[in-house]
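Below: one structure, written as structure tokens.
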Amino acid sequence: MKKFDADGLGESLLRGFAGRTSRRSLLSKLGLALVAAPAFPLLPVSRANAAKPDRSPEGKTAFARAAQTKDDTECNYWRYCAIDGALCSCCGGGIHSCPAGAQPSPVSWVGTCINPDDGKAYLIAYRDCCGKPLCNHCFCDNADRETQIYTPQLNNDIIWCFGTDSMQYHCSTAVLVGAAQ
């Protein structure tokens, strides 16, 4: 009975591979793999089939448990779960409007906040107001369910004054878009 010759099999496979490929081809593929491998964690991930968030009292974040619906000049107002900046409601504007002289940015970041009165989740679009000096009143930095910077539409650490006449940040608004599904 003939024994299995692993050494001979390996040699024949490598000789066949060497006969079909060039060194440059092998080195280019190896280089591509070495360069591309660290970038895989940076690729966006589809959350379409992700599990629904837990809306029970135990599953709520610390912000959602302390949120209130009465005073929109406080950082714990329910719409401000993902806001980062000065509240326009303290700076001469409103919860969804810029103060006079400030220009709303045409781009925004989004968050999903839970209204404590009805327990439902709502999509909130946060928009920066630009073109005036920074308002130093009611500064909030809420990072409820904030994502990494490589998902910029869900990150609040960016000044969102793109598309305005001035990149000078003044304050932020929180516009209710609708109920989250």
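Using N, Cα and C of the backbone, Cβ positions are placed for all residues, glycine too.
As recorded in TrEMBL, the features of this protein are as follows:
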| type | residues | note |
| --- | --- | --- |
| DOMAIN | 68-178 | domain 'Methylamine/Aralkylamine dehydrogenase light chain C-terminal' |
| DISULFID | Cys75-Cys140 | disulfide bond |
| DISULFID | Cys81-Cys113 | disulfide bond |
| BINDING | Asp84, Asn156, Asp157, Ile158 | substrate binding site |
| DISULFID | Cys88-Cys171 | disulfide bond |
| DISULFID | Cys90-Cys138 | disulfide bond |
| DISULFID | Cys91-Cys135 | disulfide bond |
| DISULFID | Cys98-Cys129 | disulfide bond |
| ACT_SITE | Trp109 | active site, tryptophylquinone 6'-substrate hemiaminal intermediate |
| MOD_RES | Trp109 | tryptophylquinone |
| ACT_SITE | Asp128 | active site, proton acceptor |
| DISULFID | Cys130-Cys161 | disulfide bond |
Open item on the list: I'd like to know which of the recorded positions Asp84, Trp109, Asp128 sit within 10 A of Cys140 (disulfide bond) at the Cα level.
Closed with: Asp84
TODO: Can you figure out which of Cys129, Cys130, Cys135, Cys171 (the disulfide-bonded residues) comes closest in space to Asp84 (substrate binding site), comparing Cα atoms?
DONE: Cys171
Task: Distance check against Cys130 (disulfide bond) for the disulfide-bonded residues Cys75, Cys81, Cys88, Cys98, Cys113, keeping those with Cα within 10 Å - done: Cys98
Task: For the disulfide-bonded residues Cys91, Cys130, Cys171, the one whose C-beta sees the most other C-beta atoms within 10 angstroms - done: Cys171
TODO: Could you tell me which of these disulfide-bonded residues, Cys75, Cys88, Cys135, Cys140, Cys161, has the greatest number of Cβ atoms within 10 Å of its own Cβ?
DONE: Cys88
Task: Cβ atoms near Cys113 (disulfide bond) (within 10 Å, other residues, all chains) - done: 27
Task: From Cys75, Cys81, Cys90, Cys113, Cys135, Cys138: disulfide-bonded residues whose CA lies within 10 A of Asp128 (active site, proton acceptor) - done: none
Task: Integer Cα-Cα distance in angstrom, Cys171 (disulfide bond) to Cys161 (disulfide bond) - done: 10
Task: Rounded distance in angstrom between the Cα atoms of Cys98 (disulfide bond) and Cys88 (disulfide bond) - done: 6
- [ ] Any same-chain residues 6+ apart from Cys138 (disulfide bond) with CB under 8 Å of its CB? Would you list them in sequence order, or say none?
- [x] Thr73, Glu74, Cys75, Ala86, Leu87, Ser89, Cys90, Cys91
Open item on the list: Please compute the mean pLDDT of the model over the domain 'Methylamine/Aralkylamine dehydrogenase light chain C-terminal' (68-178).
Closed with: 85
Open item on the list: Tell me which of the disulfide-bonded residues Cys81, Cys90, Cys98, Cys129 sits in the most Cβ-dense spot, judged by other Cβ atoms within 10 Å.
Closed with: Cys129
TODO: Mind telling me which of the recorded positions Asp84, Asp128 has the densest Cβ neighbourhood, counting other Cβ atoms within 10 Å?
DONE: Asp128
